[in-house]
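If you check TrEMBL, you get these features:
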{"type": "COMPBIAS", "residues": "1-23", "note": "compositional bias 'Basic and acidic residues'"}
{"type": "DOMAIN", "residues": "495-818", "note": "domain 'PDEase'"}
{"type": "ACT_SITE", "residues": "His571", "note": "active site, proton donor"}
{"type": "BINDING", "residues": "His571, Asn572, Trp573, Arg574, His575, Asp612, Asp722, Gln775", "note": "AMP binding site"}
{"type": "BINDING", "residues": "His575, His611, Asp612, Asp722", "note": "Zn(2+) 1 binding site"}
{"type": "BINDING", "residues": "Asp612", "note": "Zn(2+) 2 binding site"}
Amino acid sequence: MQRNRSKIDESQRKMYRSSHDSSETSGQILTEEMVSRYLTRKPNFIKRWFKDNATNDLLNDCIQLKEQNEFLPKPRTSVTHEMFNNIIQGNISNHTVSSSNSQLYDYMHLNENELFFELIRDIANELNVDVVCHKILTNVSILTNSDRGSLFLARGPKDARYLVSKLFDVTAGSTLEQSLHKEDQQIFIPFGKGIAGHVALTREYVNIPDAYEDPRFNKEVDNKTGYRTHSICCMPILNRDNVVIGVAQIINKKTGTHEFTEKDINVFRNYLTFCGLGLSNAQLFELSIQEYKKNQLLLNLARNLFREQDDLERLVNKIITESQGLMQCARCCIYIVDQSILSSNKPEDIHFSKGFDMIYGEEFKVTTNDFLENSRYAKFAYHVATTMETVNINEISNDHALSHLLISNNDDKFELKNLLCVPIMDDDGHVIGVSQVMNKLHGRAFTEDDVAIIEAFSVFCGLGIHNTRQYEYVVRLTAKQNVAFEVLSYHAVASEEDVQRTVNVSIPEANQLRLYSWEFNDMILTDDETILASIRMFVELDLLKIYRIPHDVICRWMLSVKKNYRLVIYHNWRHAFNVAQTMFTMLTAGRMNARMNDLERMGLLIACLSHDLDHRGTNNAFQAKVDAPLAKLYSTSTLEHHHFDQCIMILQTEGNNILQTLTPDDYKLIIHYIESAILATDLALYFRKRGDFQKLVESRQERWIDPGRKELLRGMMMTACDVAAICKPWEMQQVIAKLVANEFFHQGDIERNQLHVEPIPMMDRDKKDELPKMQVGFIDSICLPVYKMLAEVESGLSPLYEGCKRNRENWEKLQQERDKL
């Protein structure tokens, strides 16, 4: 016992040292896991094996070592992850020699039990399936003293399993490269056929003393190789679930009559029990690497697909190229369903608008219409598109149900052997195409794994094709919009006749037009005179000279702005003109000029003239109620954003850019001034910012230099100009108030009669007699606060405040008179 114990101790020390000295440390961990599991979970099996193959002392020594934890090295970081990364990165070769001559020489110095244990450890030391299989055969050859052996791996679904020759005629001294069957050399054996197939099906070993006497033996192999097969022992390799994962076969015992003894069979069986575990681990490891690589391929495919979204043909070329590499097939076709029938639920409406074809080694090509209508491949793709089901046909002649679809054309020289076809769908579940791969390379068939891969692949293809189609649709839509924009711009811009007429008219003086007056009355001016008066404002502020604006450009721009106002009751060109005149008066007579630079003055005038462009006579709330397209574009300040967009459209139209001489930085800045000023006319923003403005005014220390605070000041000036009609002389105020009310009542009528909702009192025609009361409320809540604060900022603006207070008194008196009736 002591002698055996010392040998095991020495063996374990060697194993421990080698696990730390060698770079290939992963096998030691697998040995620990394997032996530990079997010593703890399968003690009866271990005892039975040792009873037949070892002494009780050796058994007790192993169990004691396990209990004392001497059997296992100290826990260390798992190397499986490191091996995985090394293989993925290509740092470990898949074809390494499993046993060297020096290793065989070392084995010769071990006794039988030590040899068996070392060979178990050798198997557990590897995660490469090819190397594991090679080691199994070479080690079995050592254990049984057989001349050579072969190993087959089980493949295929449960109802159609078969064996694949992995290694053939392996001897104790042969290398992996000499014995490994490549894909084009592999032999396929169905379960139940031949000796190996019989063993795989029955899961029982076969020991044949004389191979030539067994009808299942194929003598042709010997005839071709010149080798004489005497005896064969064939045994299944099972996994943890007792499922056949392979078959090992040894040939010709080297001594005596060439027959394998019962002891050989027991050793063979016991060794393969451990080999089943090692092979399962290696296969799982290989599967994880394959899955990782497949996922990387799919990820790479997705990345490439979403880079090719501007051209369908280039996208499909990428899809087909990736398909052939991923599926290892000889031919691939992609069919695109006509977009016009995607919404139809009728199968008979489906037809292909385009087809693409690529044969391995040939160029990618777009198919002809004749191919789409008459080829057997297109007919089969049509069947898949209409049934929306994946079809996998591995033997064309045997699939009677669909054989009529695959009758070869006389001019088709491609020999179709097998075919896998899947529908390509979009997010709505509509078939938008069909992917078709044909003839798996190396004479193999398409497996369930291939079906899973191509179905996952088709999801990415569907996304790519759908996105490309959407991109093409957007490009066409953009082109249509550009055409529409050109047409609308042509009609939105003032005619050259009107421009030339205005250019040739002299501009009246500002005093003649009373532009500096707080009591300015536009009602006495014609439309043409309002255009000239607007140009005069720019002239008076010296803006035409400062920014070198040609006279014809300012005339064309002004006429175009006027043309883009709708003929609504109040928010029309006249309103915009009055707002601009009030801003001009605030800058000049109100002495706000000193607080503004040239860009701000220019921006404020442009904003005033443009602040209600294309106004529809209804407010923001109404746009949301009727679900107008504008409400979909902008969730807040809907109309104000639209007014700004129209302003920019006119400025960017040829011959209308009055900002053409500005530097890029100045242009960007003035556009910001215009946008913030127009948005400030939204009363919702006014209420939100009024408190901040009031705090600054009440501090009485603000000099309005900070850009953010100055923007706040400009916004309050815009509000003051927008509602400045409330400050006009009483006679004008009454007329304008009725215009505003009538526009509100018009919206209220639409809400009541068309939308079937009750309008708010301000828009309810039935409450028109309450106009004085509503005006007082409007003045108190909106007008007086802003005019009072502006008068405190600059005393020159006090006429607005005073005029507003007078009109409040007039409206209040009117209300009191009505209350007496």
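Every residue, even glycine, has its Cβ placed from backbone N, Cα and C.
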- Just counting, how many other CB atoms are there within 10 A of the CB of Asn572 (AMP binding site)? 18
- Near-site residues: Zn(2+) 1, ref His575, His611, Asp612, Asp722, CB cutoff 8 A to centroid: His571, Ala576, Val579, Cys608, His615, Thr681
- Inside 10 Å of the Cβ of Asp612 (AMP binding site), count up the other Cβ atoms and send me the figure. 25
- Would you kindly give the Cα-Cα distance separating His611 (Zn(2+) 1 binding site) and His575 (AMP binding site), rounded to the nearest Å? 10
- Message: What's the number of neighbouring CB atoms sitting within 10 A of the CB on His575 (AMP binding site)?
- Response: 22
- Taking only the Cα atoms, work out how far Asp722 (AMP binding site) lies from His611 (Zn(2+) 1 binding site), in Å, as a whole number. 9
- Fewest other Cβ atoms within 10 Å: which of the recorded positions His571, Arg574, His611 wins that one? Let me know. Arg574
- Query: Going along the chain, which residues six or more apart from Gln775 (AMP binding site) have their CB under 8 A from its CB?
  - Reply: Ile726, Ala737, Asn807, Trp811
- Item | Sequence-distant neighbours of Trp573 (AMP binding site) in its chain (C-beta under 8 A, six or more apart) | Asp527, Thr530, Val561, Lys562, Tyr565
- Query: How many whole Å apart are the CA atoms of His571 (active site, proton donor) and Asp612 (AMP binding site)?
  - Reply: 7
